[in-house]
Each structure stands twice: as structure tokens, then as C-alpha cells.
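A.B. asks: Below is one structure. I have some questions about it.
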Amino acid sequence: MGGAVVDEGPTGIRAPDGGWGWAVLFGCFVITGFSYAFPKAVSVFFKELMREFGIGYSDTAWISSILLAMLYGTGPLCSVCVNRFGCRPVMLAGGLLASLGMVAASFCRSIIELYLTTGVITGLGLALNFQPSLIMLNRYFNKRRPMANGLAAAGSPVFLCALSPLGQLLQDHYGWRGGFLILGGLLLNCCVCAALMRPLEAPRPTSGPMPPRPSRRLLDLSVFRDRGFVIYAVAASIMVLGLFVPPVFVVSYAKDLGVPDTQAAFLLTVLGFVDIFARPTAGFITGLKKVRPYSVYLFSFSMFFNGLTDLTGSTAGNYGGLVVFCIFFGISYGMVGALQFEVLMAIVGTQKFSSAIGLVLLLEAIAVLIGPPSGGKLLDATHVYQYVFVLAGAEVLASSLVLVLGNFFCIRKRPEVAVGEEERHKPPADVRVDSREVEHFLKAEPEKNGEVVHTPETSV
């Protein structure tokens, strides 16, 4: 299952693993940067907004929350749009929406209008860019896909380091309205990235008419029959409950220890700088021939590493301890960011990825809206930051155990019925079949083609 007729990555096309794929990778890098960094970057305008509209910090914080909720929660809608119209048209429309939202926000007269423009319209535009860009990256890369995912994921910390000081500079020179207007112009670059998403075309047959295309669903819910996908979705949802909590509270934690404001804010710079290098490095390691078959276990390890870092970070009693925590958190956070979509691609395959990612993002949206607020509630009740870090670490550790145990017991050991079914469908010894046909027999799901199956650990 893919995009529109001309953009669906039809069956039988080999991923180029290069060529124009590098242009697609660059576009995905930019889109990922805008999508993840923009909700954080607009926070530099919050004090100015509070002063102009006479509101509190919690009121302005809803702008970033709505942006993230739209980015995650509209996943199924993005899947339907991609499967109906194709990746490139959806991304072009998304780029225009994202820009329009920020331009309209520069003329707003109330915080409610900002929620609608910056939060809903810009958030929807970024969502319509983010998901299709990952789908196109999956179609253009196979052997080099882990490295491509790592490089694309590096866009998030790179753009965060660039957009935050840029936003402050724009506010100082042009005010928040001028800053929003210029940022809206910058978001038009999403349309340029959309133009790079050239669809792959199936080779024309040497003789005879073109074969008819199979009927497709706009949102393929059959992925829930895939045990690998269900385990991944549950683990990812639990992980997101605690994954974003430490970056939200680490600066306040440092200030509570008596650290000056400038030094406390520098902790996020340390975390982001380490994250920039951790993501492509994790992607490169995952792409190694001997490592890639065990990408699910590597992803589980990265989650375990991140949870363990949160638990040890709760024991930090001074600024030096928090710096060490941010270094190791940046490494583990980068590993998770580089591997999360690579593992999902490996589990569901190319044809179902457009639907699978939308459903996963919807489940994660619920967790995103629960995780940080629950940490804040715990902090309000106890006034102890250590408890917040322990809670976050426990949630991420639990997700790693769900993934590794579920993968080991529920996927690796398949029922005997399925094995017998494979034997009945096994082709005769004297008949030559290509790799895709072998994959059909092994997986007993004809619609999940186009992906090379490495081991039962990475595909069901």
C-alpha cells in the first residue's frame, strides 16, 4: 500500500539506494528539522506574547502543545491523504499550510487566534510534510536505509540549534509579529523539499499492456493483525510517556540546585550537540551487515539505555552531574530517534508503512499529551525533581522490556500452524523464484512485498 497511482512505489521497483535518493534524503532532513524543532523554537517568543496579551506561561505553552498534538495526532489523516493523492502533492499543500499559519499568526489579536493559526494550521502543515517525507525515504533506500534514517533524524537537533537563536534575533529586531512573518516565509522551503520527492516509476513491460494496479485502502488497518506491529506500537506508546520528560524539566532541575540561568540553559545545548552526532552514528552502525538483522534488539537497547540514564540522572546533585547526564541522554536520545522509524519500516514493509506510521503517531500523540503533564503533576505534589526522572526512566525501561520480550517470545517463535502453512506453499525444488516470491512464501502475506526480509526478528 502506498501513495497515489504515480507515487505509490509500485511492486517490483528496486530501491535506488542513492542517485536522486540523496536529494530525497536532504529534503527529509529539512522537513524533520522543521517538524521537531519548530514547536520548541517558537517558545522564544512566549515572554513577548505574555506581555502583549496579558496571559500566563501556561497559556502560551499551549501553542507548542497544539503543534505537537497536530504533528502526532493527524497521523491517520496524513496516511489517507498520501494513499489518495500521493506524497508530493500532500507535501506541497502542507508546506503552503505551514507558511500560511505563521503569516496569519503575525496579524492575530488574541491568544485564541494564535492557537488556531500557529497551533492548528501550521501544525497540520508540518504533519502533512513530515510523514510523507519518511515514506519517500523508505522507498528510495533499502540497503542504506538505516544510515539514511539516521542522517534525516539529525535534522531535528541541527534545526533546533539554528532556529532558537534565529527566533531570538528576529524578535529583538522585528518583534514577535515580524518574527512570525519571516518564519512563515522560511516554512515555504517545505514546498521546495516537496518538489524533490520525485515518485519512483515502474519499468514498462517490453510487450503487452501495463498490468492493472491492485486495489488499495486509504487506511490499512490490517497492520493490527501483524504481531510485530502491535508489539512495536505498544512499546513506542509507553516509551513516549517518559522520553520527552527529562528535556522539559532538566533546566528547572538545575535552577532548583542553585545553578545560574545561563548555565542551566546551556544543558540543552550540550544535549542537542551530542544528539547531532549520535543520530547518524547510530544509523551507520545499524546499517552494518552483521548488525542490521538485530535492529529491533538494538532499538530496545537504546530505549533501555535512555531509561537507565534517566534513573542515574535522578541522583545528580550538582551542575557537573547534570552535564554528564545530558551527554549520556543525548547519546541514548539520538539512538532512539535514529532507530524508531527504521525498525517500523523493517517490521511492516514498504507497502503498509504509510498506514502504519500514521497509526503509530496517533497512539504516540495520546502519550505525548499525558507524559509531560503527568510529570508536572508529580512535581507539584512532591516538589522533588528526582521523582520525575525516576518515573520517566521507569516508563522508558518498561517499553524496552515490552519490545524485546514481545519480539523474542511472540515473533521469533512462530506457531506450528504458520510453519505448516509455509511448507504447503513452498515452491517445487526445480522452479526458480526470485527474492520477492521467497518473501511471499515466508511471510504468507502477498501484499507485504518490496522489502527484503533479513530475520524473523525484524519482520513478521
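Any Cβ shown, glycine's included, is placed from N, Cα and C.
TrEMBL labels come from automatic prediction, so no person has curated them.
Annotation comment: TrEMBL describes 20-42, 62-83, 90-112, 118-137, 149-170, 176-197, 229-252, 264-282, 294-313, 319-341, 353-372, 384-405 as transmembrane segment. Taken from TrEMBL, the feature domain 'Major facilitator superfamily (MFS) profile' covers 21-418.
Just tell me what is around each of these and how deep it sits.
C.D. replies: Only residues 6 or more beyond the boundaries of the transmembrane segment (20-42), in the same chain, are considered here, and those with a CB under 8 A from a CB of the stretch are 63-64, 67-68, 71, 91, 98, 118, 122-123, 126-127, 129-130, 133-134, 136-137, 140-141, 148, 151-160, 162-164, 166-167, 183, 187, 189-190, 192-194, 196-198.
Proximity of distant same-chain residues to the transmembrane segment (294-313), defined by a Cβ-Cβ separation under 8 Å and at least 6 residues beyond the stretch ends, is recorded for 146, 235, 239, 242-243, 245-246, 250, 282, 285-286, 321-322, 325, 328-329, 331-333, 335-336, 339-340, 342-343, 346-347, 389-390, 392-401, 403-404, 407, 455, 457-458.
Counting only same-chain residues 6+ beyond the ends of the transmembrane segment (353-372), those with a CB under 8 A from a CB of the stretch are 1-3, 65, 68-69, 71-80, 82-83, 131, 134-135, 138, 217, 219-221, 223-224, 229, 232-233, 236-238, 240-245, 248, 341, 344-345, 347, 392, 395.
If you look at the transmembrane segment (384-405), the same-chain residues 6 or more away from its ends with a CB under 8 A from one of its CBs are 231-232, 234-239, 241-243, 245-246, 249, 252-253, 256, 296-297, 299-301, 303-304, 306-311, 313-315, 371, 374-375, 378.
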A.B. asks: Per-residue pLDDT averaged over the domain 'Major facilitator superfamily (MFS) profile' (21-418) comes to what?
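C.D. replies: A mean pLDDT of 86 is what the predicted model shows over the domain 'Major facilitator superfamily (MFS) profile' (21-418).
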A.B. asks: Hey, which of 90-112, 149-170, 229-252 has the most Cβ-Cβ pairs under 8 Å against the transmembrane segment (176-197)?
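C.D. replies: Highest pair count goes to 90-112.
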A.B. asks: Can you find at least 3 Cβ pairs under 8 Å between the transmembrane segment (229-252) and the transmembrane segment (90-112), where each pair is 6 or more residues apart in sequence?
C.D. replies: no
A.B. asks: Cβ pairs under 8 Å only, please: of the recorded stretches 62-83, 118-137, 149-170, 264-282, which one is richest in them relative to the transmembrane segment (90-112)?
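C.D. replies: Looking only at 62-83, 118-137, 149-170, 264-282, the most contacts with the transmembrane segment (90-112) come from 118-137.
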